[in-house]
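Enquirer: One structure follows; several queries about it will come next.
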Amino acid sequence: MARIQKKGKAGAAKNYITRTRAVKKLQISLPDFRRLCIFKGIYPREPRKKKTVSKGSTAATTFYYTKDIQYLLHEPLLAKFREHKAVAKKIARALGRGESGDAARLERNLVPKIKLDHIIKERYPTFVDALRDLDDALSMLFLFANLPSSEHVPAKTIALCQKLCHEFEHYVIVSHSLRRSFLSIKGIYYQATIQGQDVLWLVPYRFVQRTGGDIDFRIMGTFVEFYTTLLGFVNYRLYTSVGLVYPPKFNANMDAQGAELSAFQIEGKSVSTNGERLHGEVSAAATSEAQEVADRIANVPDAEEDQPENLPVAQDDEEENTETIDKFEAVAPDADVLPQPEASSAEAASLFAPYTFYLARETPRAPLEFILKAFGCKRVGWDATLGEGAFTTNESDPFITHQIIDRTPLPADAAEAIDGGGAAPRVQWPRSTMPGRIYVQPQWVWDCINQGKLLRPDLYGPGAELPPHLSPWMKPKKGEYDPKLPLHEQELEGEAEAFEEDDESASEMEVTDDVEDARDAMERESSVEAGEGMHVASSDDEEDEDDDGGDQRPAVEDEWEGFDSDAESDISEGEAARLQHQRELEAEATGNPLEPEVETARSKNAVVRKKVEKKRKEQAEERERQKMMLSNKKRKLLKRIEYGSNKRDAEAENLRRKKRRLDRTSSNKGAV
Amino acid sequence: MAPNPRKRKVVTRDAPSASESEEELADGLLDGILSHSEGESDVDQEEDAESDTSSVIEGLSDEDEEDAEDEQASSDTDPEDGEAGIREQMRKLKTRDAPTRLNGVDHALELDSRPAENGLEEQEEGRNYTVTTDANGNPRYLYKEIDPVYDSDDSDAEATNTIGNIPLSYYDEYPHIGYDINGKKIMRPAKGEALDALLDQIDIPKGWTGLTDPATGKPLNLSEEELDVLKRLTRNEVVEDGYDPYPDMVYYFSGKQEVMPLSAAPEPKRRFVPSKHEAKRVMKIVKAIREGRIQPYKPPSEEEEEEERVYYDVWADEKPRPENSMHIAAPKLPPPGYDASYHPPKEYLPDKNEEAAWLEADEEDREKDFLPKNYEALRKVPGYERFVKERFERSLDLYLAPRVRRNKLNIDPESLLPKLPNPDDLKPFPTTCAAIFRGQEGRVRSVSFDPNGIFVASGGDDGYVRIWELLTGRQVWNVKLSSEDAVDAVKWMPTKDASVLTAAAGESVYLIVPYSILSPDVEQASRAILDAGWGYAAAKPSTTTNGVTKEPPGKWARPGTKLESKGVLVQATVRSAIKIINWHRKGDYFATVSPRGQSSAVAIHTLSKHLTQLPFRRLKGIAQTAQFHPSKAIFFVATRNTIRSYDLAKQELVKILQPGAKWISSIDVHPGGDNIIVGTYDKRLLWHDLDLSTKPYKTLRFHQEAIRAVRFHQGGLPLFADASDDGSLQIFHGKVVGDLMENATIVPLKVLKGHKVKSRLGVMDVDWHPREPWCVSAGADGTCRLWN
């Protein structure tokens, strides 16, 4: 006979363990347990049957998986923790006795050094696993690289973080694996694709970070300790995979002068790679004169090579039967989008390759330098105040093709006054411009790399109102608002009309007795009669943008609307069309603008809206009827699904409404 | 003394006798081990005591003689032991009784009784009791008082008060102050005036304290020494005289050099010669220093420490590990959206209301953790002040948050919704009130369409049966059946060639031919049908009454000339008030239900024979309604919470349906015969598929009040309706397909409102037009309404 099972001896009750019990079992302190959990990547669980696990108590408790804790029991780090505890006791004793020398010696010699190598291997059995988990590591390390040192954050840690981050950036530059970047209000997002894994990290803008509040730097420090080890090993592997020596040579002097990326000297393992790689690096150290000459030589063949591929924003590659994958774009918006592989690193490597950039002193140098270099630009110069390591610090260098500025130009007369000096050797923004050089704002660089092509620089010119900077990661989803598409392609049937009706009373009455306008309305009218939606017909042309202006006509409209019931409109449609036509003819004969025409244009709006409303109402009724037949369970499920979709719809509608209002105001402004 | 210890004592004292018996056994059989057993210690014997005793008792019946002798001997051995003696006596009595009870062996009795008597005589002098005869003539033992023989001498125990640790004041009212060990009172010592007088004469004795010893109640006297001890104690001094708390220390091991050494051995040579081993070791170190192997200590520089981090290829021999099923990787943070841009499209910027709402909300409640903001140029973008905090929160999430795998619902909501037929396909169904039939007083209880669909009959509280023309809404005929009873049910006979209306008022069913509105040949046919039974009814009683005059369940008679002139031709009376009439499809039978009628609740009437039968001798529960199967010889009877179907041909129960309702109000059978709808007073409408289960296929709860009537359309349209006390009718589409695999489709179609609710009653009855999608309803407000 089977033995009677006792409660709480098997199953969920045994599978989970509270944190207190886990700490007791491991015989370590809670902070040590926390560190161990962070290092080993062990996290609490949510038991499915919480009541059985907590044996009836309803107090909020953290549960760990018992097997996780058992696995921690064999961790070599536990021994280190205990050793550390013993040494801490000794140090405390020495300090108590006032023997600070002894304490220092003990601390120096006896405090066990914790190595996390085995944990890295254990947590990430393959390199790809490590890459997959690199997002948080990079974000954290880039943050720490930008933090000031304090008592919680030793300078050594910061230096290590900076070093590792720069090394990683060097790899991204060398392998051209940066894909996208985005200027958010939080910081700059970068996305690199390394060995097929997308790694997304966030780098803060260079400002002093606010570290107040309830931020526990011990926890962050533990994470940083783990992440530095991880990134070190990842960097090693990445460098060796592209045939570079790790660690790269680090020039402390240059770093002290703010060279940042250029303080590292990347070396290839074999001689062949060495020469090419060294090129940029050596140049940094060389004098600018010699460099210019050298680069001129280097530049010429480069440009020749790249010209057929890269110049042509205009040039089509229709005859070019390349081996690359063609881009398939869906014609209908509701079609499924099949994923296609991203642009290859070769394309990324060639985007900025033929150009020489110069960064003005008000631009953020580090991200620009990183991005430009990652996308193939080999010559990035900047103002001397921005630090060492520039290709050139001379703004009037004739090789500079693009200058990135973030300042508005001086008024024309002031600029001209200086320009009048003629061939001044120093060409300085914003006083004067260099002919043939493209001046752009920094956003141009980001938009270029996100779209994978060089954009029109005049849109990003100095002082220009920039086009909106869009996140490159947002995929258009059905039912969501997409700012890239024009409004009329997205809105629901009858939505615009409804909006116009609603807004009518709010907007000012604009009376324009342009014949042009009336003709416009006429055209629209006829097109509607031909069976098309009025909106579609009108919205394409610039001219028609002020159609609501036309609609604003004061009118004796209300009675007409009241008369226009559902049944009535159906019957009289043909009649109305006939009347309309006759009226048009009359008007043409007399040469007068049509009076009641505008009324009908407006009434058409109402008709469309009413039709749509009726249809929607019918649909809603039908849906209600269907819902009535659902089982309770399914009804609840449906409710949950609909909650999400309704929310999304409401959000999209809100955005569309705002957009429509903005369009309206801008068009009004344009009209005035 | 408690009895238990004594009993235990007895058992242990048994040991010697047991050993005796063992001896005895050994004598007889086990001669060889006798010496061995004797040699054993007493302790062993005592251990065996119990088992031995049992063996003795067993032995009593077998070998009585020997045993008796044995007992005798044992009693001789220890006569001084009182209890044991008693025990022995008891045992002897028992042994004496045993053979008599056995009653088998005569000589055994003789053998047994004799030694027992001997034993008794021998014991006379040593015993501690006297034997008398009690009232029943049985011997009665009167024991002497037991003299406890104490080994220890307790004469030194003082005769102290035994009242225990209670205040002496309890005895204030008594002349004594307690009891001594013998239970004698300890008298209170003299006190008060008598004593005062005495004291005046006497000096205060030495050691007098003025205190009373609570134990004895006598004055407490203390000696000189005792007083001295007390005094020292109060002064915190050492009690004992001449005790030195700090004696001089005695040095056991002194630093003094003894004159004579303990060992006379001379100092060994090695104490004077330099150590070669040490020299060797020093030379080794010197050599190492010269060679540079040992270097003077220099603290490691910072850089060296930094260089300690050694990186290598950890993944040199990487092997993918199958992911633990319980492991959940930390979810990645989602990429930023359009609104996170430093220069987003303008529509993403919050307007004033949204901004205020965001600022007002608690940090946890905010949907986004930032407020979208627009900066015209990159140089104007400030630092994000929550950056470190967000990173910190992320790291907290990573190690502190339980991870749960949530299944994201990726179901198309459209797939959940059932495919309903197009509303246009469901047409026609009644939607509006086409006519209102007014004229009744009080509630209208019942309505019925005539089989041709021209007339509607109604019956109500005013006792009238009225017939209305459907299209005009005009009342064409009426008759007052009863002045005191309401007309509870009206029903047309379902045949088309004849037109007979049945109406129930009180205990009677009236069969009516409203000839004034009928064509002559129809009228003729109808009359013929009704009159056919008269002859049979006359002949019948002689055949059925077999000697005993048994009252027939129904009496068929003519209702009287006044009614007959209006067309009410036949009156059938049963034992209690009829509430429901339902016709068989052929028009020859109809069933009436009178819920109060106990065993005669359900009656089936045969029109052609003018015969009333009670199919059920006893009915379980109160019958609510009954109906014939539309095609088979099956009869459905609904009681309060079950529906039973009976096969009329085989006369047996076919099926019991359990709708799970508390109180069924009405049922109707689908024309196909396989589905039943049930209306209940507990607001539910239940659809039963007879082929499926005894439980309802669908339970519909769309009414706020009780459902009074349910009705299928009988003319081929897939419609059914229910009438409720909330004043509304609900029309449903209920399509039944012949295919067994496919369930019935039920679609709610329309709620028809119009009837007023009067005294919590709404619509009382509903009936469908035989062909058209029209229905007529009877309301408690005194109207009937036609819906189409």
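Backbone N, Cα and C define each Cβ position, glycine as well.
In TrEMBL, annotation is done automatically, which means it is predicted and not curated.
Feature list, courtesy of TrEMBL:
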| type | residues | note |
| --- | --- | --- |
| COMPBIAS | B:1-10 | compositional bias 'Basic residues' |
| COMPBIAS | B:40-51 | compositional bias 'Acidic residues' |
| COMPBIAS | B:60-83 | compositional bias 'Acidic residues' |
| COMPBIAS | B:84-99 | compositional bias 'Basic and acidic residues' |
| DOMAIN | B:171-430 | domain 'BOP1 N-terminal' |
| REGION | B:1-139 | region 'Disordered' |
| REPEAT | B:437-478 | repeat 'WD' |
| REPEAT | B:763-788 | repeat 'WD' |
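What's the neighbourhood like for these features in this structure?
Expert: Distant neighbours of the repeat 'WD' (B:437-478): 484-496, 499, 501, 503-505, 510, 512, 514, 516-517, 567, 758, 761, 764-772, 774, 776-786; these residues of the same chain sit at least 6 beyond its ends, with a Cβ under 8 Å from one of its Cβ atoms.
Broken down by DSSP into helix, strand and coil, the repeat 'WD' (B:763-788) contains 0 helix, 15 strand, 11 coil.
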Enquirer: Should anything in the same chain at least six residues away from the repeat 'WD' (B:763-788) have a Cβ under 8 Å from its Cβ atoms, list it; otherwise answer none.
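Expert: For the repeat 'WD' (B:763-788), the far contacts come to 428-438, 440-449, 451-453, 456, 458, 460, 468, 470, 473, 708-717, 719, 721-725, 727-729, 731, 752, 754-757.
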Enquirer: Using DSSP, how many residues in the repeat 'WD' (B:437-478) fall into helix, strand and coil?
Expert: 0 helix, 23 strand, 19 coil
Enquirer: Per-residue pLDDT averaged over the repeat 'WD' (B:763-788) comes to what?
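Expert: Here the mean pLDDT over the repeat 'WD' (B:763-788) amounts to 89.
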